[in-house]
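Written out below as structure tokens is the structure these notes cover.
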């Protein structure tokens, strides 16, 4: 069961990867329409303003079509075959599902307690998806319907029909079966979802009123579950789903950013839900403090080597919010340090929230575009509060990690036993053995890693499923006994390996999509 949840979590990350760029576009266009930044260029009748508005509308695509994008994105990670056709089947099925709901509620809305004559939005519980007026099931409905369609696709796509029915094979058969299945799904949704919406409204009120403790607990769970890959199920419903605000924190913040920027009311009063989007601060301030502690405690003769490892990892965490390359340098050798990290991250978020900081998350690039620049005029105090608390926690992380590393003689980078270091330095020999020594360009590098990982997993015949998230290659194998030791993966360039029975996660880094593609190409070639 855990393996299936991990696969789903990884698959959910494909749509999430679209948000950073879209968020930056929206934020920058809002800034460029603000007269405080561009003066007379912000005249609504001017050509500049109109051109910026055109660009802004394009930036809203991802946010306005969120359920549709999640529905289509899920097959990328969960379909076992013919991924493009699975995406097509999901698109058709999800639209069919919403058309069914629209028709049912048009005729029998009052029977389900739904006034379908209302305008969409607000407290109506209604929305439009690809122009279809329907119940607002948010990303929950999209994920469920996409999951059902993917199951049908995996089970029936290769089904052989009699020759005279050959035209109905493949995607056509999948869509036909899904079409029939969507009728009861739509009926059940009309029957159950309005009641769930009432429950969600109560949950939203409860979470918002949970205050500082709620923020602490949310942030702790989001961090502590990273090694399992299940952290997506913590932040997903808050950031992209209806846990605390109907449209999700990410969309709600972007939609109201201009109003927040022009208001002098405290941000915590304007958007208290933003407390559940502070987990990114540990990626900036916490990771910097941890990196400094690891550098300080490294052997003098190893500091130069360690700095080459830690600087890029810390910068990646601080700038774009990808923390695995740093966190996995100490997670496997000292798991208790990761627990400490999660506690400190949660405490930092709670302290920031208590002092009025909200929705300052992810990495510096996103924070600069979505917080610092647009809010500087009326909310500069919040920015300085965030920075002050963050700097304090850099010091706290540094002191705590330095103390624990030295007290318990944790073998972090630069402190390994000599014989362990010798093993690590066999990387060049190991790569030469596998024919990687001649590789010079990035494409060859990805292929080299993929080849090494495939051999470490025991070859093509031992691979059951392949998936990935932002930084991890997720592999299910038939026989875990055929999988090589962690050092074999690290020698090929991995930051670490998570093992859970037949389910493995290889920490690759931001190049994981390219490595996965090369991995799958090698499997097909073999």
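Yeah, the Cβs are placed from backbone N, Cα and C, and that goes for glycine too.
Taken from Swiss-Prot, the feature active site, phosphocysteine intermediate applies to 469. Among the features that Swiss-Prot reports, domain 'PTS EIIC type-1' is placed at 1-417, with the record citing sequence analysis. Sequence annotations record features per position, and here Swiss-Prot assigns domain 'PTS EIIB type-1' to 447-526 based on sequence analysis. The feature transmembrane segment is assigned by Swiss-Prot to 12-32, 59-79, 88-108, 132-152, 173-193, 200-220, 224-244, 274-294, 305-325, 330-350, 355-375, 381-401.
In this chain, the transmembrane segment (305-325) lies out of contact with the transmembrane segment (200-220); the count of Cβ pairs under 8 Å, excluding pairs fewer than 6 apart in sequence, is fewer than 3.
Summarising the environment of the residue listed as 'active site, phosphocysteine intermediate', the number of other Cβ atoms within 10 Å of its Cβ, over all protein chains shown, is 25. Within the chain carrying the transmembrane segment (12-32), a Cβ under 8 angstroms from the stretch's Cβ atoms is held by residues 38, 41-42, 52-53, 55-56, 58-63, 69-70, 72-74, 76-77, 143, 232, 236, 240, 250, 254, 257-258, 261, 320, 362, 365-366, 369-370, 373-374, 469-470, all 6 or more beyond its ends. For the transmembrane segment (132-152), the partner stretch with the most Cβ pairs below 8 Å, chosen from 59-79, 173-193, 224-244, 330-350, is 59-79. Here the transmembrane segment (224-244) lies next to the transmembrane segment (274-294) in space: the count of CB pairs under 8 Å, restricted to residues six or more apart, reaches at least 3.
By the Cβ criterion (distance under 8 Å, sequence gap of 6 or more), the transmembrane segment (274-294) is not counted as touching the transmembrane segment (173-193), fewer than 3 such pairs being found. For the transmembrane segment (88-108), the most Cβ-contacting stretch among 59-79, 173-193, 381-401 is 173-193 (pairs under 8 Å). The domain 'PTS EIIB type-1' (447-526): residue composition by secondary structure is 36 helix, 22 strand, 22 coil, according to DSSP.
Distant neighbours of the transmembrane segment (173-193): 85-86, 89, 92-93, 96-97, 100-101, 104-105, 108, 112, 114, 135, 137, 141, 145, 148-149, 152-153, 156-157, 159, 161; these residues of the same chain sit at least 6 beyond its ends, with a Cβ under 8 Å from one of its Cβ atoms.
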